[in-house]
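**Q** For reference, the structure I am asking about is given below.
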Amino acid sequence: MLSEDLVKSGAIKFGDFILTSGKRSDYYVDIKEAATDPNLLSEIASEFSKMIHARKIAGMELGAVPLIVATSLNMGIPYVIVRKERSHGTLSLIVGRLNRGEEVDVIEDVVTTGNSVLKAINVLRENGVVVKDAYCVVDREEGGAKLLENNGIKLHPIVRISELKR
């Protein structure tokens, strides 16, 4: 089971951690580390492939990139990358092709507050695509699903942190 494999791999650690936000947490989730293991990455892509219905997927650099590439290969569908703000090159926030009106599902590694994934969704919507669903490996259950719901997005996690903390 993926949740057990994430814990065994060290992608989910229990202890005392200080998060980027400065908050303390009794667990830490590092899906970027998990995505460097080809077997675990394949397992994650397989789980996403069972859930996703759109014919194109997208994700925010950096954390979602290996996830969307692996899922794209698994499903045989194209993907786009949403970049963080740029001050050089083409300044484009999208890598890949989008068609106005097409439905795109968004993949994220970890959802906490939902702000990061919502930022990616808003960039996609500004480019004329329809986003109704977001998928994540782990939902930390700290308000992200509610924020997305308030913006017309349904969050589909593979694992909820409450399932791991039983």
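Yeah, the Cβs are placed from backbone N, Cα and C, and that goes for glycine too.
According to Swiss-Prot, the protein has these features:
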BINDING   ARG83, LYS84, ARG86, HIS88, GLU108, ASP109, VAL110, VAL111, THR112, THR113, GLY114, ASN115, SER116  5-phospho-alpha-D-ribose 1-diphosphate binding site
BINDING   THR112, ARG140  orotate binding site
**Q** To the nearest whole angstrom, state the Cα distance for the pair THR112 (5-phospho-alpha-D-ribose 1-diphosphate binding site) and ARG140 (orotate binding site).
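**A** About 5 Å separate the Cα atoms of these two residues.
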**Q** Roughly how many Å lie between the Cα atoms of GLY114 (5-phospho-alpha-D-ribose 1-diphosphate binding site) and ARG140 (orotate binding site), rounded to a whole value?
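**A** About 10 Å separates the two Cα atoms.
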**Q** Among the binding-site residues listed here, ARG83, ARG140, whose Cβ has the fewest other Cβ atoms inside 10 Å?
**A** ARG83
**Q** Quick one: which of these binding-site residues, ARG83, GLU108, VAL110, SER116, have their CA within 10 A of ARG140 (orotate binding site)?
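**A** Final answer, ordered: VAL110.
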**Q** Cβ-Cβ under 8 Å from SER116 (5-phospho-alpha-D-ribose 1-diphosphate binding site), same chain, 6 or more residues apart: which ones?
**A** MET60, GLU108
**Q** Taking the Cβ of VAL110 (5-phospho-alpha-D-ribose 1-diphosphate binding site) as the reference point, list residues of the same chain whose Cβ is under 8 angstroms away and which are at least six residues distant in sequence.
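**A** Residues satisfying the criterion: VAL29, ILE31, GLY63, CYS136, VAL137, VAL138, ASP139, ARG140.
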